[in-house]
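A.B. asks: The structure is given below, and queries will be raised subsequently.
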Amino acid sequence: MNPERSERIEIPVLPLRDVVVYPHMVIPLFVGREKSIRCLEAAMDHDKKIMLVAQKEASTDEPGVNDLFTVGTVASILQMLKLPDGTVKVLVEGLQRARISALSDNGEHFSAKAEYLESPTIDEREQEVLVRTAISQFEGYIKLNKKIPPEVLTSLNSIDDPARLADTIAAHMPLKLADKQSVLEMSDVNERLEYLMAMMESEIDLLQVEKRIRNRVKKQMEKSQREYYLNEQMKAIQKELGEMDDAPDENEALKRKIDAAKMPKEAKEKAEAELQKLKMMSPMSAEATVVRGYIDWMVQVPWNARSKVKKDLRQAQEILDTDHYGLERVKDRILEYLAVQSRVNKIKGPILCLVGPPGVGKTSLGQSIAKATGRKYVRMALGGVRDEAEIRGHRRTYIGSMPGKLIQKMAKVGVKNPLFLLDEIDKMSSDMRGDPASALLEVLDPEQNVAFSDHYLEVDYDLSDVMFVATSNSMNIPAPLLDRMEVIRLSGYTEDEKLNIAKRHLLPKQIERNALKKGELTVDDSAIIGIIRYYTREAGVRGLEREISKLCRKAVKQLLLDKSLKHIEINGDNLHDYLGVQRFDYGRADNENRVGQVTGLAWTEVGGDLLTIETACVPGKGKLTYTGSLGEVMQESIQAALTVVRARAEKLGINPDFYEKRDIHVHVPEGATPKDGPSAGIAMCTALVSCLTGNPVRADVAMTGEITLRGQVLPIGGLKEKLLAAHRGGIKTVLIPFENKRDLKENPDNAKADQDRHPVKNNEEEQTLSLQNYPSVFLFFFFFFFEAIEAFNRFTAAGLKIACPAAILSLN
């Protein structure tokens with residue numbers, strides 16, 4: 001029976017290579033040919049409908065009218081995304097089969113006049129039998145073909161439309177292009193199901209043959225492995241019988257190594273006892289290999305070897321100052337240690353923990369400390385470590401056991417007193433294999449690490465001469481472990497510090513790394529400051545280094561393309577030519593003063609950050625809503641701030657009954673990021689006052705502090721990081737709790753000079769400085785009048801209503 005035909009359509013045509021799209025099929029396509037991209041753009045400009053037609057030959061790059069099949073699928077474009085390499089990723093959904101009656105090429109893209117193909121009338125009873133058989137056969141095919149997930153069968157059972165069922169089965173079959181096209185051209189559903197069942201029967205036969213071959217190969221491999229094992233056993237027996245005379249030479253060599261290692265008495269006795277066991281064993285036995293490996297580790301570990309520690313304070317200070325700009329507290333602590341060491345023969349190595357955001361130089365500082373003290377440097381990355389055996393090692397009862405990473409690193413460095421960097425100590429975790437943080441308690445305790453016990457060595461090892469330096473991004477470290485370390489906080493760099501670091505270290509390093517010659521590139525201070533302000537917003541300097549590296553790469557490309565160019569100078573005026581548009585604003589969190597929007601300050605594990613808080617008031621019944629992934633403490637801060645506003649409503653010029661007639665919504669943007677803590681209390685209070693009075697908040701002011709029900713502002717933590725975040729953002733006025741005034745001494749001098757910091761005791765002081773116009777009693781009468789107008793309008797029939805200009809809301 002010929003299929004019924006519906007109305008004609010005119011539609012853009014997209015040629016496909018090796019792909020046939022069926023109706024109801026959602027598939028992503030990557031389009032690279034210019035004509036095809038123009039076809040997609042034409043479809044997007046019209047009704048997002050496009051006809052997908054397969055090419056007869058996939059190798060044809062520029063297909064003509066005769067290179068396409070005549071039957072395709074009309075599809076809807078769900079999503080279109082242009083990729084950086086010029087190609088386009090498009091997500092399409094097949095809608096209905098269609099046959100091309102006339103295909104034309106207008107130079108821009110293919111266009112066709114086509115007509116939809118409708119399914120003919122069929123015998124429903126016969127179709128029901130075919131559907132059941134097809135599903136059953138497809139289930140058997142899935143059991144043999146492990147590449148198709150079982151969930152496909154579940155979704156197949158939920159499909160009621162036989163045509164859609166047939167197309168879904170066809171989409172999951174590994175058919176050739178011609179077979180896929182044949183299925184597409186079959187408008188008769190029964191014919192399509194019969195064709196697919198025949199294809200499935202053929203595929204099932206092939207898969208069964210493949211399974212039998214795979215089983216035969218597996219048996220053959222097992223036989224080969226057994227023969228190999230027996231041959232190796234035979235070789236071992238022959239070698240044991242014929243080469244027993246060579247064993248004493250190896251034992252003598254191990255004896256000499258034990259004597260030369262200068263082990264403590266306990267360790268030497270253990271090593272010699274193991275050597276005696278080895279002499280009694282067959283050299284080729286598995287146990288002999290384990291014992292030999294143990295003795296090798298015992299003689300590799302440095303029991304007595306030390307590197308000479310430098311005691312010249314002046315030289316050490318020069319090294320630290322040369323390698324790192326700023327970080328005075330850490331440098332002072334190292335110099336104190338060296339000063340004491342110059343007077344005391346035996347001093348336990350300090351255990352320092354450098355805590356700070358990424359990119360401030362914690363890891364590189366460990367290398368500089370090793371260089372300044374004359375110690376060898378060894379680093380152990382603890383990020384992701386979750387097995388206690390990584391620290392303590394495995395017992396020798398396990399196959400393939402080894403010492404822990406700690407002893408392995410000590411054996412590798414070869415001395416007893418290195419600088420040992422424990423990197424990312426806060427990134428450790430635990431599971432059923434133990435807690436590595438608990439294993440480190442013994443390592444980092446100066447009173448206990450003189451006798452550190454490794455499960456593999458089974459003897460005590462002295463770690464008291466090791467200088468341990470740990471690094472961490474946060475204080476999220478178990479309390480007992482934190483108590484054993486001397487914590488030194490590293491805050492983010494100021495703009496002046498970043499400028500000096502870039503000039504001294506980052507720029508010369510990237511010029512050398514990108515093979516630029518002397519005099520070929522000049523980057524002045526204005527360009528570096530522009531990068532810091534408008535292209536990075538970070539506590540450290542990693543992003544700054546990446547941007548400088550980008551400048552160097554573009555300079556190299558420019559020099560190679562233009563041979564006449566000998567020198568490139570980058571300044572603040574032409575910086576955007578190399579780095580593109582500015583990514584960040586500098587000077588304020590927003591461009592203008594806004595009602596109900598406040599800039600707060602937040603502390604994160606990677607340093608401080610600006611936190612925008614938004615409020616909105618709408619007519620309602622007193623419902624309070626807060627969004628933005630806020631924690632319990634932050635939600636309670638909002639409730640406390642609202643109570644403060646209600647208690648002072650008349651004084652602030654707010655109708656005391658506002659809570660009964662207004663719904664309030666508090667939102668903190670970046671809702672995917674969890675936020676918590678009480679330090680946004682005064683910011684919440686100010687946002688509510690601004691929203692209820694219509695008084696804008698100054699965009700150049702940021703604030704932090706906890707609010708009480710009495711309106712008092714309580715002290716907060718992380719002040720230095722928050723002030724540096726405001727400094728990075730160009731905020732000139734910062735409001736802080738009065739009791740945090742003492743913490744201002746720890747802030748860098750240049751940051752102090754660029755910021756106006758106001759310690760405040762209560763919300764009235766804070767709102768006087770932050771609101772564009774401080775609320776007055778006049779506003780109370782205005783809002784009372786405004787509420788009366790609203791009440792009158794609600795009860796007035798359709799007709800004349802009293803208007804209240806919104807502009808009056810900002811009057812004081």
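For all residues, glycine too, the Cβ spot is worked out from N, Cα and C.
Dumping what Swiss-Prot says about this protein:
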- 11-204: domain 'Lon N-terminal' (DOMAIN)
- G356, P357, P358, G359, V360, G361, K362, T363: ATP binding site (BINDING)
- 592-773: domain 'Lon proteolytic' (DOMAIN)
- S679: active site (ACT_SITE)
- K722: active site (ACT_SITE)
- 745-764: compositional bias 'Basic and acidic residues' (COMPBIAS)
- 745-766: region 'Disordered' (REGION)
A.B. asks: Report the residues of the chain - excluding G356, P357, P358, G359, V360, G361, K362, T363 - with C-beta within 8 Å of the mean position of the site's C-beta atoms, for the recorded ATP site, in sequence order.
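C.D. replies: Going along the sequence, the neighbours come out as L354, T471, N473, L490, A539, G540.
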A.B. asks: Across the domain 'Lon N-terminal' (11-204), what is the average pLDDT of the model, as a whole number?
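C.D. replies: That stretch averages a pLDDT of 85.
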A.B. asks: Using a 10 Å cut-off, grab the number of neighbouring Cβ atoms around the Cβ of G356 (ATP binding site), all chains included.
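C.D. replies: For G356 (ATP binding site), the count of other Cβ atoms within 10 Å is 26.
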A.B. asks: Rounded to a whole number, how many Å is the Cα of P358 (ATP binding site) away from the Cα of K722 (active site)?
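C.D. replies: Rounded to a whole number, the Cα-Cα distance is 16 Å.
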A.B. asks: Write out how many residues of the compositional bias 'Basic and acidic residues' (745-764) are helix, how many strand and how many coil, based on DSSP.
C.D. replies: 10 helix, 6 strand, 4 coil
A.B. asks: So which of the binding-site residues is most packed in, judged by how many other Cβ atoms lie within 10 Å of its Cβ, out of P357, P358, G359, G361?
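C.D. replies: Result of the Cβ crowding comparison: G361.
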A.B. asks: State the Cα to Cα distance, in Å, between K362 (ATP binding site) and K722 (active site), rounded to an integer.
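C.D. replies: K722 (active site) has its Cα 20 Å from the Cα of K362 (ATP binding site).
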A.B. asks: How long is the line from the C-alpha of K722 (active site) to the C-alpha of S679 (active site), rounded to the nearest angstrom?
C.D. replies: 11
A.B. asks: Give me the long-range Cβ neighbours of V360 (ATP binding site): same chain, 6+ apart, Cβ under 8 Å, in sequence order.
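C.D. replies: Correct list: L490, S491, G492, Y493, A539, G540, V541.
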A.B. asks: Go through T363, S679, our recorded positions, and report the one whose Cβ sees the most other Cβ atoms within 10 Å.
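C.D. replies: Checking each of T363, S679, the winner is S679.
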A.B. asks: C-alpha of P357 (ATP binding site) to C-alpha of S679 (active site): distance in Å?
C.D. replies: 20
A.B. asks: If you compare CA-to-CA distances from S679 (active site) to each of the binding-site residues G356, G359, G361, T363, which comes out shortest?
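C.D. replies: Among G356, G359, G361, T363, G356.
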A.B. asks: Taking DSSP as the reference, which of helix, strand or coil describes P357 (ATP binding site)?
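C.D. replies: Note: P357 (ATP binding site) is coil by DSSP, not helix or strand.
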